[in-house]
Amino acid sequence: MPLQTKHMQMGSPLLNAVQTLRSRTTRYPTNLLSQSRYSATAAAPLRCLLDRLRIPSHGTSRFNKANPVATIQTRSFRQFSYNNSSAQLTSASASAPAVYSPPQTGIISYLPRSWIPYAELIRLDKPTGTYYLFFPCLFSTLLAAPLAMPMASPFEILAYTGLFFSGALIMRGAGCTINDLWDKDFDPHVTRTKFRPIARGAVTPEKAIVFTGFQLLAGLGILLQFPLQCLYYGVPSLLFVATYPLAKRITYYPQAVLGLTFSWGAIMGFPALGVDLLSHTDALLSATALYSSCVAWTVLYDMIYAHMDIKDDVAAGIKSIALRHEHNTKAVLSGLAVTQVSLLALAGWASGAGPIYFVGTCGSAIVSLGMMIWRVRLKDVKNCWWWFKNGCWITGGGIALGMTGEYLAQYFGYYKDEDQPSRAITAATSAIRAPSPWTLASSSPAAIQFRRLLSSETRAAIDKAIQSAPVVLFMKGTPETPQCGFSRASIQILGLQGVDPKKFTAFNVLEDPELRQGIKEYSDWPTIPQLYVDKEFVGGCDILMSMHQNGELAKLLEEKNVLVAAEE
């Protein structure tokens, strides 16, 4: 028996009730949909039920093979069926799934379509990460410049800065590719990352691995432009680049591993400028403090960044410091800021920095970090992104400007005697000028750099200088205004030992390129400063530090009778 006939024979009460509901739905669809507790979603099952009963309305039947039955779920989690034509009522309330669309603006929009996935893979349109990777390199270059012998020129600083930025751009892209390879099963479940090239299938893992290899080769090419010792310092960082994504699976503090990775450049500036960290204690302490400061900075800004994904991270099972300290984030941020600034000050102190460094570098860091922690709204995704993006330039730029000012002040001899940390010893005579044979034969500085045979005139001038006092120091600058941290440290050591100023003479090798190169050949010692006691070569700054610490220097100076006489 047909369904309609069967219901027609069930009696008037049921038929009348159904027809009444049908007529109300037809006559007042707007009121029903707007006043219902569940709006259109709740109206769909009711209309569906009427269609299943096959009650004629306006002479048409809405249930046929052309309109298959679909299924919906109400708030009570009971399933009802409704046909596709009824689904039109709910189309306004149901959100369509997001679909990837290529960028229409920005640098990537100008690239060929086949290049776009790879440009997105290295985050070419989001350079903030590159800047965060570059700033530690810039910091270390500026901090190491006054320690180099001779002091690095502004041109050298600019050249190495350009190389470091190129390396940061390439290695940040390689790191992003490696990260996406590890996270290919996580990214599709996070709103912000589900359209990344590997997650959406635009780049296969195999192609991404090959692409990573090319990036690493390009990074190696940049690294080989630096002095050879940079290769030994740079290669170990790849361990952190490759393993950082794994940290998100095993610890709530993956940002610490990211900090170890992104801050590696805080070490690289020293060997780039020829400062040997393993033989100079002050330089090693300065580099270590700067590196640790940058690690704290990385954890700080990435903790803010992690708050953008905090809900999706919970669903995807990804761990982060933002989840671990969700309810006391600003207290943790404040502690990280204090740590960062304290270590930044230690780095400056170890390198012999002056007041410009502490006011400009440390002062700007205090102001910018304090403002960011106070004003950031951690529950607001857009606000977190704004501070992550702009905090890079606000904090990093301020630190870099302070370091630049300090470097220029030392390079151009701005500091006066009262600005220097040590004034225990003053020069008994001004710096000498050795004869300059190149003025007669060649005026090219390159000729001086590569002249390996010491001229008789220069040797005679050095002999005379060594015999001018019992204690002779060849240094960069003068005792009142040292021009490098090692020269300053040597003056401090001699002052602490109590050397008699009347028995001490210093010579400024910066005033004469022939003397600067000649003293190295004379002593067969590659660095400056150099100390002579009673016409005998003692060593450079690292030797002085070692002898000062183990007591050998005090014993030597006492034997040579060059100390200030003790008052009776």
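Glycine is treated like the rest: Cβ placed from N, Cα and C.
As the structure is a computational prediction, the values presented were derived from the model and not from experiment.
Lifted from TrEMBL, the feature list:
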| type | residues | note |
| --- | --- | --- |
| DOMAIN | 471-538 | domain 'Glutaredoxin' |
| TRANSMEM | 131-151 | transmembrane segment |
| TRANSMEM | 231-247 | transmembrane segment |
| TRANSMEM | 256-277 | transmembrane segment |
| TRANSMEM | 283-301 | transmembrane segment |
| TRANSMEM | 331-350 | transmembrane segment |
| TRANSMEM | 356-374 | transmembrane segment |
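Where the transmembrane segment (131-151) meets the stretches 231-247, 256-277, 283-301, 356-374, the count of C-beta pairs under 8 angstroms peaks at 256-277. Long-range contacts of the transmembrane segment (356-374) within its own chain (CB-CB distance under 8 A, at least 6 residues past either end) are made by residues 300, 304, 330, 333-334, 337, 340-341, 344-345, 348, 387, 391, 394-395, 398-399, 401-403, 405-406, 409.
In the domain 'Glutaredoxin' (471-538), helix, strand and coil residues by DSSP number 30 helix, 20 strand, 18 coil. For the transmembrane segment (331-350), the partner stretch with the most Cβ pairs below 8 Å, chosen from 231-247, 256-277, 283-301, is 283-301.
Per-residue confidence over the domain 'Glutaredoxin' (471-538) averages 87 (mean pLDDT, predicted model).
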